[in-house]
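Peer 1: So Swiss-Prot lists these for the protein:
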type	residues	note
ACT_SITE	H327	active site, proton donor
BINDING	H141, H143, K224, D367	Ni(2+) 1 binding site
BINDING	K224, H253, H279	Ni(2+) 2 binding site
BINDING	H226	substrate binding site
DOMAIN	136-573	domain 'Urease'
MOD_RES	K224	N6-carboxylysine
Amino acid sequence: MTGLSRERYAALYGPTTGDRIRLADTDLVIEITEDRSGGTGLAGDEAVFGGGKVLRESMGQSRATRADGAPDTVITGAVILDHWGIIKADIGIRDGRIVAIGKAGNPDIMDGVHPDLVVGPSTEIIAGNGRILTAGAIDCHVHLICPQIMEEALGGGITTIVAGGTGPAEGSKATTVTPGAWHLARMLEALDTWPLNVVLLGKGNTVSAEAMWEQLRGGAAGFKLHEDWGTTPAAIDACLTVADAAGVQVNIHTDTLNEMAFVEDTLAAIKGRSIHAYHTEGAGGGHAPDIITVASHPNVLPSSTNPTRPHTVNTLDEHLDMLMVCHHLNPSVPEDLAFAESRIRPSTIAAEDLLHDIGAISMIGSDAQAMGRIGEVVLRTWQTAHVMKRRRGALEGDGRADNNRARRYVAKYTICPAVAHGLDGEIGSVEVGKLADLVLWEPAFFGVRPHAVIKGGMIAWAAMGDANASIPTPQPVLPRPMFGAAPAAAAATSVHFVSPQAIEDGLADRIDVRRSLIAVADCRHVGKAQMPLNDAMPRIEVDPDTFTVRIDGDVWQEQPAAELPMAQRYFLF
């Protein structure tokens, strides 16, 4: 019997069970725990495409028609990195959804072929061999200031945005809000042709229940409470009361100046109800200096925005300039400068690193163009994981690989925001039945630039060479829009998430969109315990004078990183 070395097998079919993969140039290593597409027990029957290879007529390709159930697309031999595990498999896609994760091929001549992965003449092949597959990222904090952010989002592996805004209006530049039914309708129409799923947030800063209900009927899938509109205890209570009745999520940016409430007053107004706390550390806004303590509470779903991820020697200086612009402050006014400086605290930014690593802060978003970079959600997440491994070593249960840490961090921009916003029945993980919103990465470029972004089963964005070249690979290889980004295809492969009330009120008949409208699931029961791998609730204390942070009684010392991976090695600027 002829055998193959691991090196030879990986070169032919990609790595298999027991093989380890380094993520970009970080210190993070993942290990494949199961191979459903080949390896031991299935070796020799791997489904691979190409000249002289397996997936040919009457070999790996069967006679099965689409009517017989053949998938539209099979991704072969990809290493799936998701919150539920790290395995290798073939992935089948049909009608824009994942139909199977297992072994693809022709059951007439091959063993172990999954019944929903029978390759036929109608099946396209995407080679995932040697590549990593993740669920499309969900950016849970996006300001809709300019349409060009959609391109940056796709280029960073994002396939869903939780967003608000109307363009470069002052309200949108500062707050994640699309206010009122008219603006909601126009923005749903404007976003129809982009290959991204969209969740729009209405304005929750009001004590008028009807003002919120009309926004829900107009297409809002949740609300945003922002201090620049007045996040008073009365507005918090009124907004959550409507949200409870409607089944939608509320996202909050609390009162930095503590004019209307302190953190204790805000928590009292929330009354134990589910709420998504944006930029929980506080540099992006929120009760100074102790908003970070809300991450201790079982009903609060905490997230970070990416400029503070991870804490580096440049973080503080950059934030002061960002803050002055984003909140229309005047550096010559002492009160404005004091406002800015009260929000930028190295001790809480440093503590944010640790809270992510132990799973106490559950999500990471961008705060796009309003103190955040939409193209760096995935990148900043893995930089944080790298910094924490260097400082803290392996997590419990990790040893020769960092599977537990990798699963925790990938969850922060996939399944956790999906659960928080009632989207997890449709997106957020690589699981059967969900939309095929998937990202393929070359391991050397993992988290930096995707090899391909698959939106609803169609390649929407990819690394592509010169279009006038004789083959696809000549330089310059750049992230470029693909056919899945064409307007009609984007509408066919993407969805607008709206409130159930919008569906019931016939919103689809009132607006000019081609994509499907899907109601968010009731997420009012969701608390920290429902955040996969990110459900820790340590005791967090902040000294009001020194801003020293204690986590379960221990002071976390500031050690800002002076050097990061996934940086100058990949980017000129």
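Count begins at 1; order follows the chain as displayed.
Each Cβ is built from the backbone N, Cα and C atoms, and glycine gets one as well.
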Peer 1: Would you kindly give the Cα-Cα distance separating H143 (Ni(2+) 1 binding site) and H226 (substrate binding site), rounded to the nearest Å?
Peer 2: 12
Peer 1: For H253 (Ni(2+) 2 binding site), identify the closest of the recorded positions H141, H143, K224, H327, D367, judging by Cα separation.
Peer 2: K224
Peer 1: Can you tell me the three-state DSSP label for H141 (Ni(2+) 1 binding site)?
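Peer 2: It is in a strand.
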Peer 1: Distance check, please: Cα of H279 (Ni(2+) 2 binding site) against Cα of D367 (Ni(2+) 1 binding site), rounded to an integer number of angstrom.
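Peer 2: Cα to Cα, H279 (Ni(2+) 2 binding site) and D367 (Ni(2+) 1 binding site) are separated by 9 Å.
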Peer 1: How many whole Å apart are the CA atoms of K224 (Ni(2+) 1 binding site) and H327 (active site, proton donor)?
Peer 2: 17
Peer 1: Cβ within 8 Å of the Ni(2+) 1 site centroid (H141, H143, K224, D367 excluded): which residues?
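Peer 2: Filtered neighbour residues, in order: V142, A163, G164, T175, T176, N251, H253, Y278, T305, G365, S366, A368, A370, G372.
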Peer 1: Excluding K224, H253, H279, please set out which residues of the same chain place their CB within 8 Å of the center of the CB atoms of the Ni(2+) 2 site, keeping sequence order.
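Peer 2: Other same-chain residues near the Ni(2+) 2 site: H141, T175, T176, L225, H226, E227, N251, I252, T254, A277, Y278, G284, G285, G286.
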Peer 1: Sequence gap of 6 or more, C-beta under 8 Å: which same-chain residues meet both conditions with respect to H141 (Ni(2+) 1 binding site)?
Peer 2: V162, T176, N251, Y278, H279, S303, T305, G365, S366, D367, A368, G372
Peer 1: Report, as a single number, how many Cβ atoms besides its own are within 10 Å of the Cβ of K224 (Ni(2+) 1 binding site).
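Peer 2: Within a 10 Å radius of the Cβ of K224 (Ni(2+) 1 binding site) lie 31 other Cβ atoms.
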Peer 1: What count of other C-beta atoms do you get within 10 angstroms of the C-beta of H143 (Ni(2+) 1 binding site), across all chains shown?
Peer 2: 26
Peer 1: Measuring Cα to Cα, how far is H327 (active site, proton donor) from H143 (Ni(2+) 1 binding site) in Å?
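Peer 2: Approximately 13 Å lies between the Cα of H327 (active site, proton donor) and that of H143 (Ni(2+) 1 binding site).
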Peer 1: Have a look around H253 (Ni(2+) 2 binding site) and count the other CB atoms within 10 A of its CB, chains all included.
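Peer 2: Taking every protein chain into account, the count is 24.
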Peer 1: Look at each of the recorded positions, H226, H279, H327, and point out the one with the fewest other Cβ atoms around it within 10 Å.
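Peer 2: Ranked by other Cβ atoms within 10 Å, the recorded positions H226, H279, H327 bottom out at H327.
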